[in-house]
Amino acid sequence: MDELAGGGGGGQGMAAPPRPQQGPGGNLSLPPGANGAPGGGGPPAAEAAGPPAGPELSRPQQYTIPGILHYIQHEWARFEMERAHWEVERAELQARIAFLQGERKGQENLKKDLVRRIKMLEYALKQERAKYHKLKYGTELNQGDLKMPTFESEETKDVEAPPAPQNSQLTWKQGRQLLRQYLQEVGYTDTILDVRSQRVRSLLGLSNSEPNGSVEAKNLEQILNGGESPKQKGQEIKRPPGDVLETFNFLENADDSDEEENDMIEGIPEGKDKLRIHKHKIGNEGLAADLTDDPDTEEALKEFDFLVTAEDGEGAGEARSSGDGTEWDKDDLSPTAEVWDVDQGLISKLKEQYKKERKGKKGVKRVNRTNLCDMITDLGDDELPHIPSGIINQSRSASTRMADHEGARAEEAEPITFPSGGGKSFIMGSDDVLLSVLGLGDLADLTVTNDADYSYDLPANKDAFRKTWNPKYTLRSHFDGVRALAFHPVEPVLVTASEDHTLKLWNLQKTVPAKKSASLDVEPIYTFRAHIGPVLSLAISSNGEQCFSGGIDATIQWWNMPSPNVDPYDTYESNVLAGTLVAHTDAVWGLAYSGIKNQLLSCSADGTIRLWNPQEKLPCVCTYNGDKEHGIPTSVDFIGCDPAHMVTSFNTGSAVIYDLETSQSLVMLSSQVDSGLQSSNHINRVVSHPTLPVTITAHEDRHIKFFDNKTGKMIHSMVAHLDAVTSLAVDPNGIYLMSGSHDCSIRLWNLDSKTCVQEITAHRKKLDESIYDVAFHPSKAYIASAGADALAKVFV
């Protein structure tokens, strides 16, 4: 027990046990659980507190096995609980890491896919340019070796990519010489390369605004590795547009004259050329050293490989050089500048060659700087940031540069296009410019469309504004063939006359969706009932307040038009039927109304044509062809350009123009056919042109013929349909003619060229008959057809 008691002393270091208390009678009472009681939570104390009160206090406290086991179990349970919490947190963090890694992988795949798309678009653009150049100039465009872009898989890239050597200056030199050779083949000179290199460096944020112009290796490494702090990135993005434009130093000497590039070249001293070359050396050397030290930097720069490999140059090869737009002192130059081994004589020779090329550019006018500023201002002051006027005056539109180069070198090589980011800063803002440059850059402005292609489409689009008619409404309530129809002069209202002895009024704005068709069904709002037999003809007054119908019962019914908003289930109104015109003795086949004198013309199978004034007590004013000298009339119409005359067609194949005042026939319109063929030359419909002295007739022999009202001679004849032409209508402007036929088709004709511009299959045949009537709306974009299938259709 002494060993146990002594060994238990080590337990005091783990937890402080409660002190024993002195109970009644001077004995110490242990806390619960000290002797194995159920409530014990820790080992008993080994020392007593207070003065000794009896012989038992001198003995040290003893531990019990149950108490120790209970303590161990308690601590083990607490440890397991903490471990479970830790496992849960660990699993959550692992899931978060996996999610972020998946997102990163997806973004990388998306980036690679976009780069591949860009390369394919570049390839397609070059092919289109070569094809256009060959079509325009008849010669092949020299673009070097035009090859399909190749894409290596990620596994191959990881395996085959060797680590960058420590001394890679030689590799940089060889690559630069090869790239310069490619650019010279495309037509790029060293001066343009210098300008574009400064441009790319500025857009990539590699410029430095320090006074001495030195680039520290640490700052360069931070820029390449994206190691700026979030605060620095925020400040960079929030720069005003003016600061962004000030970095485009190659625009400072821009001039309005046509010799801008020429003056710029002449104004560059030879010393500055050398200085610019030395700047490229320093930037490239520092960049190469950083690439060998940091593999992440090399991987980041590979994202811009598509800029380097573009065959048209685009100046992206200069993206490897870093520096700012300010001139550096010669004392600051690195002695490693000889790495590039630049031939000064070659540069001078190329500059002279470039000057000569710019001589032929004088005829090209550029956008005036003032006009450019006005155009930028017109884009909206509320949407654009404030830009100092000096910066605007120093800037040049990239599109004008592209136009100048295209005008000067169109016959020689591909047009040289400068980066378009300079103009973007006015419209997009500095942060958008930064994002666009670091994203797709100049490739975002690529297009396969040539400006000259728009002119090719002009002849093809000559009739682009011509309306194409499509079926919209189907009128289904008649029980037999619809013989005639007419539109209200102003409202979207239609009246139809049918062989079921009725006329129906339709409001096209009150529609019901059809069950199995894209068109809309319209229910009639009123039904006119007075005829004893089929209704054959129809006419509406010019004000739309009266309607006239002629039927097989030899009567002409005169109707007052109900309101377009009438309730279909209202009680019968007797005042709708205004009267009946009785004079004919056989079926009335044609009606025509003139709003000038409010007169009505009718032609009947009894051989007569009658002129009516419905308002008079004796409505029949005059009768024509009483002796049937010309045959049986089939159709009648007022002359559009001379309402004092009318034209009537006959079943003999001729048409006659009458003077309404004298009742005499003035002109006989005949196509001079033999009498034996007149039976097949039956005229079904005659209409007069609304503005020209021309009469148009529809014949049973599938022809449509045009006659001169003054001479009576036929001026044109054409086979218009596959079956008999039954109906004609001329639009209110006199531009188009619509014809209907028993071949189930409606055809729209251009009256100027006499050509069919649209054909619509509208109705089905019934007893070898199909379309009875067609009509234009006088003031709205509606046309309609009436058919033997008991349907009327409206097209819009």
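In case you wondered, yes, glycine gets a Cβ from its N, Cα and C as well.
Region 'Disordered' is the annotation Swiss-Prot gives to one range among 252-271, 352-371, and that range is 252-271. When SER202, SER549, SER635 are compared in Swiss-Prot, the phosphoserine annotation sits on SER202. Between SER229, SER563, the residue that has phosphoserine written against it in Swiss-Prot is SER229. Per Swiss-Prot, the listed range annotated as region 'Calmodulin-binding' is 166-183 (candidates: 166-183, 382-399, 400-417, 688-705). Long-range neighbours of the repeat 'WD 6' (766-795) within the same chain, counting only residues 6 or more positions beyond its ends whose Cβ lies under 8 Å from a Cβ of the stretch, are 467, 469-476, 478-487, 489-490, 492, 494, 496, 498, 500, 506, 508, 519, 522, 723, 726-732, 738-746, 760. Its Cβ taken as reference, SER202 (phosphoserine) is surrounded by 25 other Cβ atoms within 10 Å in the chains shown.
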